[in-house]
Amino acid sequence: MSNNYAIILAAGKGTRMKSDLPKVLHKVAGITMLEHVKRAVDAMEPAKTVTIVGHKAELVQAVLEGQSEFALQSEQLGTGHAVMMAEPALAGLEGQTLVIAGDTPLITGESLKNLINFHVSHKNVATILTAQADNPFGYGRIIRNADGEVQKIVEQKDANDFEKQVKEINTGTYLFDNKRLFEALKDINTDNAQGEYYLTDVISIFRQAGEKVGAYVLRDFDESLGVNDRVALATAEAVMRKRINEKHMVNGVTFINPDATYIDIDVEIGAEAVIEANVVLKGQTVIGERTVLTNGTRVRDAKIAADAVISNSDIEESVIEEGVTVGPYAHIRPGSLLKKDVHVGNFVEIKASTLGQGTKSGHLTYLGNATIGNNVNVGAGTITVNYDGKNKFKTTVGDNAFVGSNSTIIAPVTIGDNALLAAGSVITKDIPEDAIGIGRGRQENKEGYATRFPFHPSQK
């Protein structure tokens, strides 16, 4: 087990978000900002992680339940005060402790590991994670001496003209010698404009004691982004989306327009897949090799196998096997299974149903709570009537059956293998194997009756 520890600051309300949801629970690329930070922290293999909770603590704890210890900051009295809340869990332990805000979703595990290596190799008591900003306005500046040693952190409002020209900024992430951190926290106070305990004050305490403080500069400024409002949230989303899409492209996926493609962080895509513009892939979706998703397709928590073609359709919580074609304008709802080489065409809705291998439903159909066998033809306009206002009922269709167009199947009904359901029928009873089911009125022609209606030329 390592002697690395982590404190994630997640107690704040995030007033500028203008939301009832705690700030760290807003999502970027499908998971909360807090989860992004926790994943980065996990890369350093901490022996303990303590998450500081406060505003709506129960919601925050639910996200990391079983993954972190928690400490409650009942009053938000500053970053230093927040870290103090972790003392019962961490005080006295040998090693180094990361302190990181839960609203920094772009930080990477690689950067945190580099921070630890830098800290240990330089034998620092504290190391600040910094970044070079083209426009440092609003950030605390890192002030170094002529030898490049960190002297202090100066906030924007306190900086003189020279200090304001410094482009190295404090990201708000730190690595400390664990014992010295909690010793120094006992010496900070609220003698400042905000009346709060500032974590940055421990840096001054270390310097005054002649202890070594360093700074590790991030390679990518984007990683330093702290999200305080919806504008920054959108910025984080855009940066993360670019990272995700580029990762898939490097792995052999073709994107027609990556700037207009939205893929959550946990989505998996096989090589040689083609993703057209305005495709949205969410949750735990898996896309197989060589599968094509055309413009406008949306998939959530579904598994789509290799060599499928999904055209401008919605698929949710379902499984699509190899060689299936769906759409355009189809809706595959939760709990559905489309087996190998199934075809589901335009304006077809499938809900909690299984379609067997080679089955085709080409147009204007609703199949709900149905099990359809192999090589079945489902004609245009077929409707399974599966709901009586309270209960759902099942339709079963055997292999090689033929369901004629404009058929209504009032469940529960079983249609046998090789059966034929006559077009235009309303089916209320089972149809045996090899039988024809007909449920419609017999046609009757009345000669000359059309002349009585206003449309007829004789009436004009």
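Cβ from N, Cα, C; glycine included.
Positions annotated as active site, proton acceptor by Swiss-Prot, on the basis of sequence analysis: HIS363. Within its own chain, HIS363 (active site, proton acceptor) has GLY345, ASN346, PHE347, VAL348, ALA380, GLY381 as residues 6 or more apart in sequence whose C-beta sits under 8 angstroms from its own. DSSP assigns HIS363 (active site, proton acceptor) to a strand in the three-state reduction.
Within its own chain, ALA11 (UDP-N-acetyl-alpha-D-glucosamine binding site) has ILE52, VAL53, GLY54, HIS55, ALA57, GLN73, GLN76, ALA82 as residues 6 or more apart in sequence whose C-beta sits under 8 angstroms from its own. Look at Swiss-Prot and you will find 9-12, LYS23, GLN73, 78-79, GLY140, GLU155, ASN170, ASN228, ARG333, LYS351, TYR366, ASN377 tagged as UDP-N-acetyl-alpha-D-glucosamine binding site.
The Mg(2+) binding site annotation in Swiss-Prot covers ASP103, ASN228. Annotation note: ASN228 (Mg(2+) binding site) sits in a coil segment as assigned by DSSP. Around ASN228 (Mg(2+) binding site), the same-chain residues at least 6 positions away in sequence with a Cβ under 8 Å from its Cβ are GLY14, ARG16, MET17, LYS23, ASP103.
The acetyl-CoA binding site annotation in Swiss-Prot covers ALA380, ASN386, TYR387, SER405, ALA423, ARG440 and is backed by sequence analysis. Remark: SER405 (acetyl-CoA binding site) has GLY379, ALA380, GLY381, THR382, ALA423, GLY424 as non-local neighbours, by Cβ distance under 8 Å and separation of at least 6 in sequence.
Swiss-Prot lists 1-230 with the feature region 'Pyrophosphorylase', giving sequence analysis as the kind of evidence.
The region 'Linker' annotation in Swiss-Prot covers 231-251 and rests on sequence analysis. If you look at the region 'Linker' (231-251), the same-chain residues 6 or more away from its ends with a CB under 8 A from one of its CBs are 17, 26, 28-29, 33, 36, 105-106, 222, 225, 258, 261-265, 267, 269, 271, 275.
Swiss-Prot lists 252-460 with the feature region 'N-acetyltransferase'.
Around TYR366 (UDP-N-acetyl-alpha-D-glucosamine binding site), the C-beta neighbours below 8 angstroms that are at least 6 residues distant in the chain are VAL348, GLU349, LYS351, THR382, ILE383, THR384. Among the listed binding-site residues, namely LEU9, ALA380, the Cβ with the most fellow Cβ atoms inside 10 Å is that of LEU9. In the three-state DSSP assignment, the secondary structure recorded for ALA380 (acetyl-CoA binding site) is coil. Cα to Cα, GLY140 (UDP-N-acetyl-alpha-D-glucosamine binding site) and TYR387 (acetyl-CoA binding site) are separated by 62 Å.
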